[in-house]
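All remarks here apply to the structure that follows.
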Amino acid sequence: MVAAALSTVTLTVLLVGLALALVQARRWRAGRAAAVDLWAGLAALPGRYLVDVHAVVGRTPFNARFHALSAGGFLAALALLVVLALPPLRHPALWGLLALALAAMLAGGLMVGYRRRVLRPAGLSGGRFNRLPLALTGFAAAFLLVAADQSAGGVLPVPVGLALVALGGWGLAELVFGVWNGPLKHAVHGALHLVAHPRPARFHDGAGRDSGLRPLDLETADSGPLGAGRVVDFAWNRLLGFDACVQCGRCETACPAFAAGLPLNPKKLIQDLVLSLDEGGDDRAYTGSRHPGRPVGAATSGPSRPLVGPQAMIHPDTLWACTTCRACVQECPMMIEHVDAVVDLRRFQTLELGATPAKAAGVLEELRATDNPGGRSLDRRLDWAVDLRLPVLAAGGTCDVLLWLGDGAYDLRNQRSLRALVLLLRRAGVDFAVLGAEELDCGDVARRLGDEATFQDLARRNVALLNGRRFARIVTADPHAFHTLRNEYPAFGGRWTVLHHTAFLLELVRSGALTVTAPLGQAVAYHDPCYLGRYNGETDAPRALLDAIGARRREMERSGLRSRCCGGGGGAPLTDVAGERRIPDMRMDDARASGAPILAVACPTCTLMLEGVVEPRPAVAEIAELVLAATEPTR
Amino acid sequence: MVDVAILVSVGRHPASGQARRAPSDARALELAFGLPPGRRDALHAGDPTNPALRDYLGMGLERLTVLAMAEGRDPTDALAARLRGLSPGIILTGNQAEGGEDSGMLPYVVAQALGLAIVPDVVAIALDAEGRTAEVVQALARGQRRALRVELPFVATVHPAAPAARPSAFGPARRGRIEVVPVDAPPDAFLTACAARPWRDRPKRLSVGAAGGGTGGALERLRAATEAKAGQGRVLVEPSPDEAARAIWDYLQEQGMQPR
């Protein structure tokens, strides 16, 4: 009797849950088509879950453990419960196994409760999420008693047994319906998202990193709006990805804009997109942290309503506050691609509405008319180096290393570090050349601001320019140009070996072309540029280079792949959204706390942002400048 | 409701020389967008295949009429003829082009040909309820402004101090239509006789040793530029109203701000 009730309750709840999941899945079909290899995704799913997802979750080992216990116990218990629904199989040993699985789940549930009630990380959402530990422990404890009792032959009075089944059934219902649209959404949606992920190459079975933006099709004029203006303008697997968000708040904890009080919380941004899939709702039911300084409940959601606007779900300030630093993507255990979403939204704003914030729009207009964001004459890119007599690589010419100067060549501060780099190349006897007046801006800032048309125009012309010359490698001191040339130009036919200057200088030091004569001997904190570290996984070369020149290296709070952005990426200095603090000030606090008198940087944007912080602060030095000083010839 | 015609030209970026929307013409179009909706005709005389024309369409203009003519032709007659046919209430254009003769004369010539009043250097236009007259704000030298009431129809040239033009967006620029009207235009003999070369700054004469310049180094120059001279003006302590008014009046006289 108790066993039959248990089976009935379990199967009913599971079937209702399945139906609700199908209802949920219908919403994603409103999105645009996407080329997805479902079978390959399905085959890769276990690996992606156990390796890639685990690697992220396991950064907090406690969380990995309670997930293993509660999810493992829950899945095993569900399987056993379905098997036990068949009366001939109701064997005491099976009941014993069920009790074991539920005991594991109970332990996991208690850990979840401890985290939610005692540890209480600030990024977690409340509301229905707060009932999760109750549901987990209620279901596990009640069914554990029933299973133990059944395995012992059924000694409990029937009413007590039925009451336990009812309690466990409530817990199960809470959990299963939570899969539909609640705290356990990530269980099924997350798995489906891993199957149909828009960037399959980012997992361990692919390249392990896939950070280049996808080109927007600008050729077919009638393929709908450019970018995403409404939520249904996203591809269906992107919508699925947003729905996989479990509001764990790891993105929020990592987001530099959120920390500085800019009106952006990546978690809320994803929830804004999720809520927009339902007609006529608003965000009052959202129980996590808001976009700082923005109210909730002000806008009505809907699949065909505009997503971005002063009265829409996403305020323009929220959209333009993002520095595209990828900290959220790095931290997301559900592998959601926040930056892709931000860029898709920006593409619509820029390409369809011309709603780029004023100063950024001005820069884009100058970029279109002069091929550099400052609106300067390209002839003047080498003005700073007139005494250096840089060899210029003409069409058809050959050199070993092509030095890509980037926009830093127009900036007084960055000319200093470029000069250091050129002197180092000379000192090491490298056969190098620059493009001179023919080099165009790489288009990074245009692309992050959503101006895909200008980016593609620049990319095509730069690729043609570079393909018309012969060189072994491209070296650049600008991680943004590095990322664009290395990861985003291949889509336009440009495939070269691209090196960041830190990797190249390390090679020169290691090969003996540069000799360290005056080891630095001072403490140095190294700030990882987002576009070098998270976008390209290069965190070792700059550190090894600093070690090689005798720097006593100190790690700041947040470094390597989890580095905090300087605030200068993604056109953020141009869109200039106000917050409570400035992002570079917060990063400089990290540097101050390290106690190092020198903050080493490896990116022109980081140099400007961090050197713009008011003193007292550590001195900001580009790595090339430090290497130049350390390898000064003795005679 | 008022019909507006906007004359737009192809600009030229001062640093790169690349074709672009002419900034003051774009501001003229921006002013036109701010007027109550009526018919809006944008006209360009020149090469209809110039991609820079799409920049105007990208601002949200659906259609741009191009009076197609070869390089080095005089567009004024063709424009005047076209505008006579459209008979708009307001004709807007930038106060100076970037390229061609750069004389800023075209709106005057067009206004003369049409027999219309011309209001130069406009920064704002507001129409009255009936759409017969317009309150126009004109930019004068040193940031001064003058309000005028002008009866329609009239020609207005837009000053660079007018509100900034909205950005041009790629999507609408691609969707907008360019309507080509081939016209006959006489060759511009003056323009073809001119030689064009890049403009460069005259070198500045350095006044070494002169007051405020040179000898004392940067600090001296900064001081000369920022320090207020002592001993000017006078302090009135609790003056009588008459005395105070007299002092203000004298000051205004001294500054050349007496009413005319």
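Just so you know, glycine gets a Cβ as well, placed from its N, Cα and C.
With a threshold of 8 Å between CB atoms, the same-chain residues lying at least 6 positions outside the domain '4Fe-4S ferredoxin-type' (A:236-265) that come near it are 24, 27-34, 36, 56, 121-125, 129, 183-186, 189-190, 192-193, 196-198, 271, 273-274, 277, 288-294, 315, 317-318, 321-323, 325, 327-328, 330-338, 340-341, 344, 562, 564-565, 567, 572, 577-583, 585-587. Annotated domain '4Fe-4S ferredoxin-type' per TrEMBL: A:236-265 (among others), in sequence order.
Under the heading domain '4Fe-4S ferredoxin-type', TrEMBL lists A:310-341 (among others). Sequence-distant neighbours of the domain '4Fe-4S ferredoxin-type' (A:310-341) (same chain, 6+ residues past either end, Cβ-Cβ under 8 Å): 48, 52-53, 56-57, 59, 186, 190, 193-194, 197-199, 202-203, 211, 213-214, 228, 234, 238, 241-242, 244-246, 248, 250-251, 253-257, 262-264, 266, 269-270, 272-273, 275-276, 283, 291, 294, 298-299, 301, 349, 355, 357, 360, 448, 530, 534-535, 561-562, 564-565, 567-572, 575, 577, 579, 583.
Residues or ranges marked as region 'Disordered' by TrEMBL: A:284-305.
Annotation comment: TrEMBL describes A:69-87 (among others) as transmembrane segment.
Within its own chain, the transmembrane segment (A:93-112) is flanked in space by residues 62, 65-74, 76-77, 80-81, 83-84, 132-133, 136-137, 139-141, 143-144, 147-148, 150-151, which lie at least six positions past its ends and keep a Cβ under 8 Å from the stretch. According to TrEMBL, the transmembrane segment annotation covers A:93-112 (among others).
According to TrEMBL, the feature transmembrane segment maps to A:132-148 (among others).
Only residues 6 or more beyond the boundaries of the transmembrane segment (A:160-180), in the same chain, are considered here, and those with a CB under 8 A from a CB of the stretch are 1-2, 5-6, 9-10, 13-14, 16-17, 20-21, 23-24, 74, 128, 131-132, 134-143, 145-146, 149, 154, 187-189. Feature annotation from TrEMBL assigns transmembrane segment to A:160-180 (among others).
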Outside the transmembrane segment (A:132-148), six or more residues from its ends: residues with CB under 8 Å to it: 2, 6, 70, 73-74, 77, 81, 95-96, 98-99, 102-103, 105-106, 108-110, 112-113, 116-117, 156, 161, 164-165, 167-168, 170-172, 174-175, 178, 183-184
Overall pLDDT of the domain '4Fe-4S ferredoxin-type' (A:236-265), taken as the mean: 94
